[in-house]
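Per Swiss-Prot, these features apply:
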type	residues	note
BINDING	C236, C239, C256, C259	Zn(2+) 1 binding site
BINDING	C356, C359, H364, C369	Zn(2+) 2 binding site
COMPBIAS	10-22	compositional bias 'Gly residues'
COMPBIAS	39-49	compositional bias 'Low complexity'
COMPBIAS	147-157	compositional bias 'Low complexity'
COMPBIAS	158-178	compositional bias 'Pro residues'
COMPBIAS	179-189	compositional bias 'Low complexity'
REGION	1-125	region 'Disordered'
REGION	147-189	region 'Disordered'
REGION	232-451	region 'TRIAD supradomain'
TRANSMEM	476-496	transmembrane segment
ZN_FING	236-282	zinc finger
ZN_FING	301-369	zinc finger
ZN_FING	396-425	zinc finger
Amino acid sequence: MGEEQSTVSGSGGARASGGGSAGQPESPRPRGDRVRTAGPRAAASSSRPNGGGGGRDPGCVDASVQEPASNRAPAGQPARLPLSGPLDPQSLELQLEREAEGAGPREAPPGQQPPDGLLLDVLAQRHPPPAKPQVLCSVYCVESDLPEAPSAESPSPSESPPQAPLGPIPASPPPSFPSSPLSLPADPLSPDGGSIELEFYLAPEPFSVPGLLGAPPYSGLGGVGDPYAPLMVLMCRVCLEDKPIKPLPCCKKAVCEECLKIYLSSQVQLGQVEIKCPVTECFEFLEETTVVYNLTHEDSIKYKYFLELGRIDSSTKPCPQCKHFTTFKKKGHIPTPSRSESRYKIQCPTCQLIWCFKCHSPWHEGVNCKEYKKGDKLLRHWASEIEHGQRNAQKCPKCKIHIQRTEGCDHMTCSQCNTNFCYRCGERYRQLRFFGDHTSNLSIFGCKYRYLPERPHLRRLVRGSVCAGKLFIAPLILVLGLALGAIAVVIGLFVFPIYCLCKKQRKRSRTGMHW
């Protein structure tokens, strides 16, 4: 019924039957034809209607099409082989090779894949066609600075790519820009597959090995505070150990990170804002970024507090208790009462302490700042109160602000005016050579709490006597020294010529020369 059936003759030729064109031969079949032999599993398949044989492979026998009765063998007898001559299992390969040589090379029609090989069912054992291996492809995009050298082998005409038109070749974009889209077949196994556009973004390399070996040091923040500064194995100037060290930005000397952190922490504990370089030969100050980078969180807070305290003007002061900065406004935080000093009354928003902005002390109700500075009992009681084995606060002798000591010695430095004073007595640090300093017991500049603190009259008498003795002894020693010097000069004027003559006479007597 309009179907086309084809059978294979013993000589390998194809003939048309049942509705096909009688005078039109069928195209030769490729080498991949499936050949079936009789066996228990060989049976005729039911035919399915098809419009003129469309959609079938023209080079293969459709197993679903029913063969004519003339080509079917009787039941129980094997079917005829599509080979010329009898089938010998021992010489099967040789017969197949001869048949292939006789048929000659055949090409698959366009748009059709070539067959994989001959598939035979010998003795009712079907060998399935070999499965196509799965290919996993990894695409790598590598950009080279140098163009590729042309290949020595010239491609064949069928494989040669289309020639590009002559003209100037546009410059390739830098690696930081996305490369041109790359077209790849959708199915690598199919000759005419679709295309997939892939974009490869090549980020520029942050550094290169030759650049690291020959590049100069990074000119950033510098020092240990710079995370991008180069590391070099140097000997620390403090601990004298070889470590990976970033040189300091000020003097380019080597100080390890551990020693620098210990030094900076000690300076911050002393209240220093301008910290000098730990190298003794360098007289410059370290940068703020380097100091903050090498401090702990607590020391960093203290250092920033000292910085703010040194930068503020007279209209901003810290709270005496919690160090919260407060800026005074002329119209006051509290409505101005009858007395003018009440407008300096400040309540700290952090610790709720009420204090006086003018004298920087706790609020003194009913007493003006002048009386309070002269020795008010409230101020003395608050300042001289002992907490944790030390005074509550001490007043700077110059700027009159109160300073609390957390730890350390009695030598204090005011963060407001940089005045050196003693925390125990509140006096300035003075020293004079030959008369002593503030730490001397018998010096007139000594602390009153170091020598006879309970007997001030005797202390003054002893120190005054020592000072007077030094004043009287110093001129005597000076006069005595001048007298001895004059005597030595006079004696030298007479003795030196005589000594020279005697030495000259001895030299002549040794050489045998006479007058």
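Glycine is treated like the rest: Cβ placed from N, Cα and C.
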For the zinc finger (301-369), mean pLDDT (0 to 100): 72
Cα-nearest neighbour of H364 (Zn(2+) 2 binding site) within the listed binding-site residues, C236, C239, C256, C259: C259
Residues within 8 Å of the C236, C239, C256, C259 Cβ centre (excluding the Zn(2+) 1 site residues themselves): R237, V238, L240, E241, K243, I245, V255, E257, E258, L260
Secondary structure composition of the zinc finger (396-425) [DSSP: H/G/I, E/B, coil]: 0 helix, 8 strand, 22 coil
Binding-site residues compared (C236, C256) - the one with the fewest other Cβ atoms within 10 Å: C236
Candidate nearest C236 (Zn(2+) 1 binding site) in space, where candidates are the binding-site residues C356, C359, C369 and distance is Cα-Cα: C359
Least Cβ-crowded entry, counting other Cβ within 10 Å, from the binding-site residues listed as C239, C259, C356, C359, C369: C239
Alpha-carbon spacing, C369 (Zn(2+) 2 binding site) to C239 (Zn(2+) 1 binding site), which is rounded to whole Å: 52
C259 (Zn(2+) 1 binding site) and C359 (Zn(2+) 2 binding site), distance between Cα atoms, whole Å: 41
Candidate binding-site residues C239, C256, C259, pick with smallest Cα gap to C356 (Zn(2+) 2 binding site): C259
Other CB atoms within 10 A, centred on H364 (Zn(2+) 2 binding site): 21
Helix, strand and coil totals (DSSP H, G, I; E, B; other) for the zinc finger (236-282): 13 helix, 5 strand, 29 coil
